[in-house]
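Student: To start, I am sharing the structure in question, which I have written as structure tokens.
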């Protein structure tokens, strides 16, 4: 499956060390003014080559090939391409016949009998550049309806941040090399990350995304629940191993009286005094902030020696992965999780009839 969505459908294509990665967006409404500078800023947030990220230096300049005329969307498929300019496959030559632990090398081979050994091919996080490009278009659409999607690193290397105000946290995190909004936590996480790097190892963490001003009523009962759709979207991101919404697994440790969000009247509107539900009840948005967290595993490409198998010789082997890899993928995962949340919300608003096919 390379296509995602219902009314708003996104197909991504391309491999890590191929000529390019890209996406085609179908079902996008006509008449939206396309802010290409905004799209490029979103790409910059995910782009490699920064502190604590892989030193693969990709420009990640998006080219819009179709679906936009004189600065406006035309309701025809929007095709976007990002050219790969700094792929170096030489470090993978020695890995042609061995599987890297923690990667999809073995499972792709087991399923298809063939795999692109250059940087993970289609399974590489390089594919997420296309998701961020598509997500930027979704954010531009949501912005028209005052819906904001903001993310930050909630936890890295076991060090968690305290967050009271999502908008302030987002602003602070954007100035942080680790995208952490808490300076104290950032310093401690940075120290743990450096320790792991010195040992040829890597660390994981948690991304938190908050969507504000989401209207009540998004999502469908039973099998079309908004929280299920969000989890499906985010779990499809490479390195994501878990998703929770609102109180999440902490709800299992609460009593009903603690977990239930009291319903109140505020300025003549029905609201909720707390938000343990994370903005979703019965699979349908309730008008409060959507709060989602994604667990990101440690980067599996590490120089520390690991056991594996050489499948040509059919014998056990030892592997030390060389090349340019992120010691922690969490900071660059933030805009990717945001992108998938934005695509889901835009799709649901189209399904609900809150966004027309033409904005003109």
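Including glycine, each Cβ sits where the backbone N, Cα and C put it.
Okay, so Swiss-Prot annotates it like this:
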BINDING   46  NADP(+) binding site
BINDING   122, 123, 124, 282, 297, 298, 299, 300, 301, 324  FMN binding site
Student: So for residue 122 (FMN binding site), how many other CB atoms are inside 10 Å of its CB?
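Tutor: For residue 122 (FMN binding site), the 10 Å Cβ neighbour count is 18.
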Student: Look at the binding-site residues 46, 297 and tell me which residue has the greatest number of other C-beta atoms within 10 angstroms of its C-beta.
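Tutor: The most densely surrounded of these binding-site residues is 46.
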Student: So how many other Cβ atoms are close to residue 301 (FMN binding site), meaning within 10 Å of its Cβ?
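Tutor: That number is 22.
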Student: Can you tell me how far the Cα of residue 46 (NADP(+) binding site) sits from the Cα of residue 122 (FMN binding site), in Å?
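Tutor: Answer for this pair: 18 Å between alpha carbons.
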Student: Cβ distance under 8 Å to residue 299 (FMN binding site), same chain, sequence separation 6 or more: which residues?
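Tutor: Residue 299 (FMN binding site) has long-range Cβ partners 202, 204, 239, 325, 326, 327, 328, 329.
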Student: Give me the long-range Cβ neighbours of residue 124 (FMN binding site): same chain, 6+ apart, Cβ under 8 Å, in sequence order.
Tutor: 15, 16, 238
